[in-house]
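Below is one structure, written out as structure tokens; the observations come after it.
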Amino acid sequence: MVNAGDMNGSGNLMDFLDEPFPDVGTYEDFHTIDWLREKSRDTDRHRKITSKSKESIWEFIKSLLDAWSGWVVMLLIGLLAGTLAGVIDLAVDWMTDLKEGVCLSAFWYSHEQCCWTSNETTFDDRDKCPQWQKWSELLVSQSEGASAYILNYFLYIMWALCFAFLAVSLVRVFAPYACGSGIPEIKTILSGFIIRGYLGKWTLLIKTVTLVLVVSSGLSLGKEGPLVHVACCCGNFFSSLFSKYSKNEGKRREVLSAAAAAGVSVAFGAPIGGVLFSLEEVSYYFPLKTLWRSFFAALVAAFTLRSINPFGNSRLVLFYVEYHTPWYMAELFPFILLGVFGGLWGTLFIRCNIAWCRRRKTTRLGKYPVLEVIVITAITAIIAYPNPYTRRSTSELISELFNDCGALESSQLCDYINDPNMTRPLDDIPDRPAGPGVYTAMWQLALALVFKIVITIFTFGMKIPSGLFIPSMAVGAMAGRMVGIGVEQLAYHHHDWIIFRNWCRPGADCVTPGLYAMVGAAACLGGVTRMTVSLVVIMFELTGGLEYIVPLMAAAVTSKWVADAFGKEGIYEAHIHLNGYPFLDVKDEFTHRTLATDVMRPRRGEAPLSVLTQDSMTVEDVETLIKETDYNGFPVVVSKDSERLIGFAQRRELILAIKNARQRQDGVVSNSIVYFTEDPPELPPNSPHPLKLRRILNLSPFTVTDHTPMETVVDIFRKLGLRQCLVTRSGRLLGIITKKDVLRHMAQMANQDPESIMFN
């Protein structure tokens, strides 16, 4: 292509890569990758390496390094993701406690760490030690009374506002892509869409810092979803260091799928759940090789986090629990009821949150993201402080709700009336009547539940990092704990009822309220995200209880059925549609009886299709066509009259090829003939040097006939990850169908606005 002697290319599909010019094969921002071409390029690259490896020892070593590079990338992702998760956990722990007080012996210690190191801490007052002082004690030397309470209240709000303002300012100024959960965009990127900068170094840095700030501010959000985004940023960074991944967008997405698994692994301390989450919820293309590598990345990430031991209890998460009481068949009814609640909560949350986010996009509200964050933070802090269940961090709240009441528990939830004659071992305490502390905790939990339900709707989607896993689990855990206490008291006071008679005798430990909290948490998380298998695995990895799989499965399936009855979309799919990302969901069914001819462009009355001819257009003609249109590529035909299809040329590669030829190839001018054939056309003697562009021509573009059912076309686009598909009849070109056309048609068939698909 670059000189006259090079005119006899072999002409196969990947011919133009033999001597590539700069930037060939790359994609522009907000465009979809061509999965087939990326796969073909990788096969071609692998074939070359294999054949070269037989030439010398050095080439053989290079081929081994290439084979091992995938595992090296996974190792690096696991190490960095685990380290960042550990640092985030430690920083959140300290900054959350900073809102209430400070450690005098070492200001960087959290409340718990401060009292661990104290020699004056007793078991009964393990949260109190002279080294830890509340702000009122430090500033006005008062720990009790109205003035101390008001001062602590005021400083709690000020710290929360300070953290939130700093977070939203950093996101706005340095990394606008660091906001939100990140999972909708990662799903879109993994389906083949390009969003430049979304997984960049600045996004990684700012998201990590601001995640600590927003979680510490006490807003109703979690760090689990954003940790998936952080891990994918790590994956993108390390894949850019290896040409195998940096030069192939398809291979890069295999790395990102594994990175998502590592993100969930460190978020929940659930390596297997992370792999299943990536497979079920996030990934678009997940070959068996990626499954093994995801498993390895998740293992390394979990091991790294375990080495850091951020919670000091040798566990990967704050709310790890172990139950010792079995569950009984009669309890399946309340578990299924919690599943129904989870499905209803999921539907309510998705509809209200999407309505609020749409309002944010379409009204003046969206122009004031900093003010919105400040107002929501102020409301959250003002309402949260008086209630002990909303004042603490959401992870601590879930931890307390999951906990089984042992003899040493000091929580209000464990304020039962003990029988003075009881002589049972400490870990086998029978069901007891509830004391005043439990009743106080019940109404505080009810208020906290209503508050969490409402405030989470407005918090998720603001211009700060915000995860949804933890708030959803908190809503379910609160509802579940209240149901659990209700069932426990019912069984205690009415043990002679027929449903309790067989399994709950007086003096027995029948009902575990913490188990109901766990089942409720799974149900609500399932209702919002529509996860099933990965959710159950994550929950049992959290609790270490294999025997509770059936209650968890019952709740997860029920919540999905109930939520699906009101709408098939989970929260992430709903946000993908709201943002107009070109995401073709594998779960969507297309059942309409339309044909390719109904969807293809051009339609009746529209201008004819812009095409290139194989040997009759000049460089100037091609440049004019590129300038006057904004299409991503052009079909190449024999001539305008015959319109017999030859191949397809990408716009970006045409521009680069012509620019490169003008710089390097003598004699190429505006009226040079451009030809895509093997041999140059016959030209008059004094005509300028022709330009051969066969190397950039895709000689096997995907084609369908005009009578192909759209059901088949949609399936082809889904399974092969196509950008576009040409429509022919008897070899003659009729039109083109792009991914955007397919999405618009599907939206139209579902009575939605087809123009909501914003991107190319």
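The backbone N, Cα and C atoms fix where each Cβ goes, glycine too.
Bear in mind that TrEMBL entries carry predicted annotations, made automatically and left uncurated.
Ranges compared are 195-215, 552-572, and TrEMBL records transmembrane segment for 195-215.
Feature annotation (TrEMBL): of 227-243, 295-311, the stretch labelled transmembrane segment is 227-243. Across all of the domain 'CBS' (600-664), the predicted model scores a mean pLDDT of 88.
Most Cβ pairs under 8 Å to the transmembrane segment (68-92), among the stretches 153-175, 227-243, 332-356, belong to 227-243. With a cut-off of 8 Å between Cβ atoms, the residues of this chain six or more beyond the transmembrane segment (153-175) that come close are 95, 98-100, 135, 200, 202-203, 205-207, 209-210, 213-214, 216-219, 369-370, 373-374, 377-378, 380-382, 385, 391, 462-465.
Counting same-chain residues at least six beyond the ends of the transmembrane segment (515-540), those with a Cβ under 8 angstroms from any Cβ of the stretch are 264, 268, 270, 272-274, 276-277, 279-281, 321, 323, 325, 327, 334-335, 338-339, 341-347, 349-350, 398, 401-402, 468-469, 472-481, 483-484, 487, 546, 548-549, 551-553, 555-560, 562-564, 569-572.
Below 8 angstroms of C-beta separation, residues 69, 72-73, 76-77, 80-81, 84-85, 88, 181-183, 185-186, 189, 199-201, 203-204, 207-208, 211, 251-252, 255-256, 258-260, 262-264, 266-267, 282, 301, 465, 467 of the same chain, each at least six residues beyond the ends of the transmembrane segment (227-243), sit close to that stretch. Taking residue pairs at least 6 apart in sequence, the transmembrane segment (368-385) and the transmembrane segment (468-487) share fewer than three C-beta contacts under 8 angstroms.
If you count C-beta pairs under 8 angstroms between the transmembrane segment (368-385) and each of 195-215, 255-279, 332-356, 441-461, the highest count goes to 441-461.
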